[in-house]
Amino acid sequence: MEKKAHFVKRDFPPREAPSLLLLLLVVAVLLLNALLYLYLGNLHGSSGRADAEPSLCPYGSFKLGPVKNCSPWLSCEAINREVRKLKCVGEGAVKKVFLSEWKENKVVISQLTKPELKEDFLHGLKMLKALQSKHVVRLLGYCEKQFTILTEYHPLGSLRGLNETLHIPKYKSMNTWHRRLMLAIDYVSIIRYLHSSPLGTLVMCDSNDLDKALSQYLLTSDFHILVNDLDALPLVNRSAGRLVKCGHRELWGEFVAPEQRWPYGEDVPFDDDLMPPYDEKTDIWKIPDVSNFFLGHVEGSDIVRLHLFDIHAACKKKDPAERPSAQEVLDTYKKVLTLLIREAAMPSTREML
């Protein structure tokens, strides 16, 4: 009697399907983390430029536009001969600013307006020369005897116009919590750079209200931030017992740090000689207010604020010694960005399963 071959259909045990799904989830999460690592590394380095010199040229030279070769900073003679003023685009307490042209490139000329403020102007030039980096507007040349500075032109202007810029159709895609948080990270990176600069610990004094603070920075066409005005950057030197005061007048308002306000009450007239000096932690006090401006009121910005609540509360400690350093704030901002991008990507990962 012949035996018939029996073909038995074998199903996977019920437990194997969940195991396979779990394996797929682990692979997807690992892949997501790898992509996130590369993405964030590109973002943090895409302001792109190393701390030393934005155009990768030797100190005292620059590259502009598509030109491959580095040019030395323009001298008095070169500025007078090769740079053509187009129009006045701004005027502050110290200098007047002109949109200009050099070899078919738009550039900016800044010139002293009041001779009695020449020390402030020359201090700003000294800082600009010494602090050239990815955080600082690019210096193209200068003429001390004519009180003239030549810098790179950024058509989007100062940060005061950020919200208006983000409502231009061309830039509406940038109006997201992610891009706005990246701007806040750029800002804190600049404060961190100033507090640990090659010259020592520098305090951003030209920032007694939000509008004034924003006017010190430029928005680049690729949506990064550069500090532009360095006229008021006093040096803190703890080892020598040297603290600073931002000017010689009384400061008011909630934007400035408590230690910057007159401590002896309204009954005692302000006297600069009696005003106690302070350190760089005044800049830390202002970070939450500036970042709140950056975050705006777009979808997701309140979630970002929630994640930043603790570090911002620490920035607002009345005792300056209890406030975090700029590096600690920067580290927290970057961690929050990483966390929120990962959380935003997770729904897509779940859909894959």
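Glycine is treated like the rest: Cβ placed from N, Cα and C.
Considering N69, N163, the record held by Swiss-Prot lists N163, annotated as N-linked glycosylation site. A simple way to gauge crowding: the CB of N163 (N-linked glycosylation site) has 13 other CB atoms within 10 angstroms, across all the protein chains here. Across the topological domain 'Cytoplasmic' (1-19), the model assigns an average pLDDT of 55. A C-beta separation below 8 Å, combined with a sequence spacing of at least six in one chain, links N237 (N-linked glycosylation site) to G200, T201.
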